[in-house]
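What TrEMBL says about this one:
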- 514-526: compositional bias 'Basic and acidic residues' (COMPBIAS)
- 538-557: compositional bias 'Polar residues' (COMPBIAS)
- 22-512: domain 'Major facilitator superfamily (MFS) profile' (DOMAIN)
- 514-565: region 'Disordered' (REGION)
- 22-48: transmembrane segment (TRANSMEM)
- 68-88: transmembrane segment (TRANSMEM)
- 164-188: transmembrane segment (TRANSMEM)
- 208-227: transmembrane segment (TRANSMEM)
- 302-319: transmembrane segment (TRANSMEM)
- 350-370: transmembrane segment (TRANSMEM)
- 382-401: transmembrane segment (TRANSMEM)
- 407-424: transmembrane segment (TRANSMEM)
- 445-467: transmembrane segment (TRANSMEM)
- 487-507: transmembrane segment (TRANSMEM)
Amino acid sequence: MAPIRVLTALDHARTQYYHFKAIIIAGMGLFTDSYDLFCIVPVMKIIGRVYYPSPAGHAGRPGVTPPAVVSATVGVALLGAVVGNLLFGALGDRVGRRRVYGPCLLLLVCSSVGSGFSICRTRRCVLSSLCFFRFLLGVGVGGDYPLSATIMSEFANKRTRGAFIAAVFSMQGFGILASSGVTMVVAAVFDRFTGHPAPLDTPEAADLAWRVILMAGAVPAGLTFYWRMAMPETARFTALVQRDVLKATNDMGCVLTDLDLNAIYQGEDAAAMPRSPAPFGFEPAAQYGLFSRGFLREHGRNLLGCAATWFLLDIPYYSSTLFQSQIYRPWFPPASHQNVFQEAYNVARFQAIIAVASTIPGYFAAVLLIDRTGRRRLQMGGFFLMAAFLFALAGPYDHYWRGNAKNAWYIVLYALTFFSANLGPNTTTFILPAELFPARFRSTCHGVSAAAGKVGALVGSVGFLWASQSRDKDDVQAGYEPGIGMMYALIILGAISLLGLVVTYLFTPETMRRSLEENESERDQNQDGNGGMCFQELNLTPKSPGSLVSSHVSTSPIHPHRFSV
């Protein structure tokens, strides 16, 4: 009996340089995701001034992008993300994580550049081009979710796996900060070199400013393209899906310097180290397909839990992100008293403050606690705190917060909703699908879960952006219709957060300190998170009577991956 020692070695490998390098490489897609999500808000302010000048009779008001256009611009990117989640998630399991990782990033970089590089100057052409390239950008961003999470989970050791995946996801926080910083720099530079135009005077240079902001997001992602292409395939995909343990061992020996390859080779005999894909040597006898009865019986509950919690999280998370404009309005002069660059600068400055004060600290707290507290507890706690802070904002909103939005406690409570989300469910919903499913379904199931989340984001960012408008026509933002009001919108979002807590309690297992193969078993998930006596078997039947008689894989706390002949 010979263990597949390279997978055991990965589970117990010490943290080293390549792990941190992988965090940066894998995190650049998520960096670009948040960059483009947050920069589109000030960009829409600039586009409104350039392409939607004030109509006759409203000469004292600056141009405003119609809400329908804003919703379409945000919505097409999220729809593209759903497509990318499903498409690249499936490709990651079919042809390999690494083989589609580079093309996914290339699509993301090219569409970021295309979003700003429009050769036309008419309103319809510019907006059509922007929506087209933002859809492609969404496809690239959506594809990066399952690939980055799966690659990081399969490279990491089981002791710090959660922290590594959370660190990849935390690159979103730095993307927000970079978005705000670039926008502020570009706005300040253009404001200075156009001679500080009057509030209602929009120079032609503004049409270049928003393009520069959008295209700048492609730079950091493009810089990591070479390293993505140079990454080896993950050992788990090579060994467990392609059935080439020798290649998996060689690949890991090239990047993880403390692996003793001689000891691994000596421990693997010819039967335990098939050198070719499954069609030549081994064929699983008890194999079941994706969404088959066998799959649903073994993993349907987990997939439901991952998809439902991600969906429920993104409704309040994205809606809170995109109706920031109703929160920062009292802190800055009216739009009619600022020029186009000053307005974009102030919007970006507020986003930077929220990122530094709550978003990034929430990610850091998740990295520190995820492998100590556990995914399930952190997710439940995060949902509970989100609900508490949303209710705290909602309760006295109409009677107090509406006229006192400059109150420091209002901003603190608002910031704490982001801190709670990033500490808990915004991070854990990204981690759990990368840990719960077999190697041959892992990327696909993560993509399905992420797609459900993006549907929730679509509901939150488009639906609640309109619903949160005031019921008083005189207090509605330009271009919007009266809605249910911020108080009722916040109450609904708080209730959705509580529902997320309930779904987590009912459907989410703990995956802390277990190998990925142990987490596949429904029986193992009923144990505690300390990696107790967990066993799993996969029968392998030879293709012909003249080959091996029988073979199976068994896992245990000592040797989690074992072929026996």
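Glycine is no exception: its Cβ is also placed from the backbone N, Cα and C atoms.
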Worksheet item: Should the transmembrane segment (22-48) and the transmembrane segment (164-188) be scored as in contact, given a threshold of at least 3 Cβ pairs under 8 Å and pairs 6 or more apart?
Response: yes
Worksheet item: Taking contact to mean three or more C-beta pairs under 8 angstroms, with sequence separation of 6 or more, is the transmembrane segment (407-424) in contact with the transmembrane segment (350-370)?
Response: yes
Fill in: Same-chain residues near the transmembrane segment (302-319), Cβ under 8 Å, at least 6 residues beyond its ends
379, 383, 386, 390, 417, 421, 425-426, 429, 432-433, 436-437, 445, 448-457, 459-461, 463-465, 468, 489, 493-494, 496-497, 499-500, 503-504, 506-509, 525
Worksheet item: Any residues 6+ beyond the ends of the transmembrane segment (445-467) with a Cβ under 8 Å from its own?
Response: 67, 70-71, 74-75, 78-79, 81-82, 85-90, 92, 142, 145-146, 149-150, 299, 303, 306-308, 310-323, 429-430, 432-434, 436-437, 480-481, 483-484, 489, 492-493
Discussion item. Looking only at the domain 'Major facilitator superfamily (MFS) profile' (22-512), what is the model's average confidence as pLDDT?
Written reply: 85
Worksheet item: So what's near the transmembrane segment (164-188) in sequence-distant terms, Cβ-Cβ under 8 Å and 6+ beyond its ends?
Response: 19, 22-24, 26-28, 30-39, 42-43, 148-149, 152-153, 155-156, 209, 212-213, 216-217, 220, 341-342, 344-345, 347-349, 351-352, 355-356, 359-360, 362-364, 366-367, 370, 422, 426-427, 430-431, 434
